[in-house]
Amino acid sequence: MASSSSMVFKLDGNVYPAGHFYVTMNIAEPSKAYFLSVDTGSDLTWLECAASNGACERCNKGPHPHYQPGPPSYKVVPCTDPLCDTLHQDLGTTKQCTELFQCDYTLTYAYGSSIGVLMADKFSLPMAKSPTDHPDLAIGCGHDQGENAGKVVTVDGILGLGPSSVSLVSQLKNHNIITNNVIGHCFSTKGGGYLFFGKENVPSSDVTWAPMAPRTPRNPSFYSPGQATLHLDTKSIVTKPMEVIFDTGSTYTYLPTDLHAHLVAALKATLSKSLKEVHDPSRLQPCWKRPGGFKSLDDLKKEFKSVMFLKFHNGATMMIPPENYLVITGQGNACFGILGMRTNMFIIGDITMQDHLFIYDNEQGRLAWYPAQCDKKPSSKSAINSRM
């Protein structure tokens, strides 16, 4: 099979109100379209999946009929297959071969779990050099969403882009379908954006790289540029370096609860008295209202002047302007999009990644991020470089 240098995908979705960015993938034969939420914090790509009788009793109602594996394109990955060993190694779990003919798995998320069976099926991908190729790639058939089942959702599954060997891009590299295991994404504050695999759209200059931190048992599936301190303008919020991870599966950005309280207090101290703190149906807090309400990013910038930034131990810096830590809700309020939770890490979610190109170079073990215009999908390397 011929190797392609890159492939580019259009993204849909937004931070608010959708809560995620997603790509349309065509899977099976004949191919069917599915919406997959882009998730750099997950390794396995999976779909909510109907059983052989066509029903999925513990699934959600998505935008398309549930994926139902069937002839002629799919096959079940047996428990004895090395790919099953690899999946469980990446998940940090022990496989139980109670059913030798299939590889069962359980994925655990902050919001619940998904139980499924590992399959292989055909993917129709935008390959520049091999448009007729439809590779067989491993995919999860998630047939049990546990307590989260029964909801109406806007995606059919997850596009796993983590650093493990079962992630979609790793499989493409191992099948010699793309030359380099490199991922890039650009989320627009206007909604949508683009995603690419391969190094063709990686700029050759004017990019500051940070080395990926080694994977650890505490951090097995995330990309991390290492530890950093957090600042609001000239005020230090976090003086002790804290591990930072990039997770596109998180809509918002998170930090430990006590540090979140310090950050909120420091931000409130910078605000004009014309802003009134209010309750908002979005459940985000705190939220503020101004006379006439917030209608645009320009409105945000007029009222919120403070810039947050992360200082990494390797010298890199990440600037976080107001549009990367606030959302304008349907009520016309400005709500804080950095949340507190029980964690010992700084989790960079979609809100903070907007209007930046993030690059994950798994070939050389490095990460990069820089401001970019994300509302137009690049068609070539020159197209993306012209906007730098």
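Numbering starts at 1 and runs along the chain as it is shown here.
For all residues, glycine too, the Cβ spot is worked out from N, Cα and C.
Annotations in TrEMBL come from automatic prediction, not curation.
These come from TrEMBL:
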| type | residues | note |
| --- | --- | --- |
| ACT_SITE | Asp39 | active site |
| ACT_SITE | Asp247 | active site |
| DOMAIN | 21-370 | domain 'Peptidase A1' |
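The average pLDDT computed for the domain 'Peptidase A1' (21-370) is 91. Cβ neighbours within 10 Å of Asp247 (active site), excluding its own Cβ and spanning all shown chains: 24. The separation of Asp39 (active site) from Asp247 (active site), Cα to Cα, is 7 Å. Taking a C-beta cut-off of under 8 angstroms and a sequence separation of 6 or more, Asp39 (active site) has the following same-chain neighbours: Ile158, Leu159, Gly160, Leu161, Gly162, Asp247, Thr248, Gly249.
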